Amino acid sequence: MKGLRSVGILGTGSYTPERVLSNFDLEKMVDTTDEWIVSRTGIRERRICSEEQASSDLAFEAAKRALKKANISAEQLDMIIVATVTPDMSFPSTACLLQDKLGATKAAAMDLSAACTGFLYGITTATQFIANGMYKYVLVVGVETLSKITNYKDRNTCVLFGDGSGAAVLGQVKDGYGFQSFELGADGSGGSLLCQPAGGSRIPASVESIENNLHYLSMAGGEVFKFAVRVMNSATEAVLSKAGVARDEIDLLVPHQANKRIIDSAVQRFGLSEEKVVINLDRYGNMSSASIPVALDEAIEAGRVKEGDNVILVGFGGGLTWGATLLKWCTTPAEGSDE
Ligand code: UT7
């Protein structure tokens, strides 16, 4: 971005709850099989939070780890953005609850609602504040406790989703590194394909809304699948072309973890070998806004990212929404940016 500061990810962190819900556990709950789930989605197990845990608790754990790796204290944060469709409550925002838990007293705080694309919308927003010099450090968290809005009697959805959180601290990096291009999009006409119908101002909570299961997540899986394949490829193409990077220069693709078959379509399209794609949905299922930051954090921990690598993050989901970014990887803060 010409005339603006270069912005990158200084540190990441992730947290997933201890409790594992396997496909074999689900076989005892609904009419499904491990074979069906693995062959249609690639998922083998997912993590489920405890009854006491809410999204801000998961976010807190991931945020602490990200701050530690970025070597930034909570007091240094200028802003906190939490992307979630499962906030602790409608308001105050989960970001405000997290701000208090962290003691990030200087930070502005807000939630952002873009479903599975939330983390990408969040880092794109955060980047603007740092690039123009208004803020130095912004914490972006993708967190979901989807188990709280999943109907464990509905085999169409309950095998897919899990709980978790991933966080990133964004700041100025050396010139030319960090985020090279962004692509965000939305098609509100597809909103009803993936939604939680009740609990807002359209259908407030009532005995009737609960009896009709309207507080649970609902999804037209097949329609969303076709949309996902289309936008994952087009958004990836868009960030490559905006950054002037060729397909064979991609070092790592970190896609939203909804379905292995969706990821495979992008892998084929871009001719990527296995080691260039991060996949962890077998262990976590679809954690919506947390999927990408958890996958990125695990890739970094596994030593799969090195300075100068072209890393693509790409996602899609409810809204409908989609987004992607291309980073020239660098976690070293820009010289003088600490002054
Ligand atoms: O993160 C947000 C974005 N979300 C996504 O990207 C999800 C996109 N969609 C998907 O991943 C897939 O559409 C699903 C995994 C949800 C479904 O896979 P599919 O291959 O599209 O299956 P289908 O919906 O066409 O269903 C095929 C059959 C149906 O039976 P009938 O009607 O043909 O008799 C379903 O009832 O599979 C049945 N089915 C199941 N069978 C066993 C659906 N869920 C299950 C299940 N176990 N858990």
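Note: Cβ is positioned from N, Cα and C throughout, glycine not excepted.
Feature list (source: TrEMBL):
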- 110-188: domain 'Beta-ketoacyl-[acyl-carrier-protein] synthase III N-terminal' (DOMAIN)
- Cys116: active site (ACT_SITE)
- 240-329: domain 'Beta-ketoacyl-[acyl-carrier-protein] synthase III C-terminal' (DOMAIN)
- His256: active site (ACT_SITE)
- 257-261: region 'ACP-binding' (REGION)
- Asn286: active site (ACT_SITE)
**Prompt:** Rounded to an integer, what is the Cα-Cα distance in Å between His256 (active site) and Asn286 (active site)?
**Reply:** 8
**Prompt:** By a Cβ-Cβ criterion of under 8 Å, what residues six or more beyond either terminus of the region 'ACP-binding' (257-261) are in contact with it?
**Reply:** 40-43, 116, 160, 225, 228, 279-282, 284-287, 291-292, 295, 316-317
**Prompt:** What residues, ordered by sequence, lie under 8 A Cβ-to-Cβ from Cys116 (active site) and sit at least six positions away in the same chain?
**Reply:** His256, Ala258, Asn286, Ser288, Ser289, Ser291, Gly315, Phe316, Gly317, Gly318, Thr321
**Complete:** Residues in the domain 'Beta-ketoacyl-[acyl-carrier-protein] synthase III C-terminal' (240-329) per DSSP class, helix first, strand next, coil last, are 38 helix, 22 strand, 30 coil
**Complete:** Given the active-site residues His256, Asn286, the candidate whose Cβ has the fewest other Cβ atoms within 10 Å is Asn286
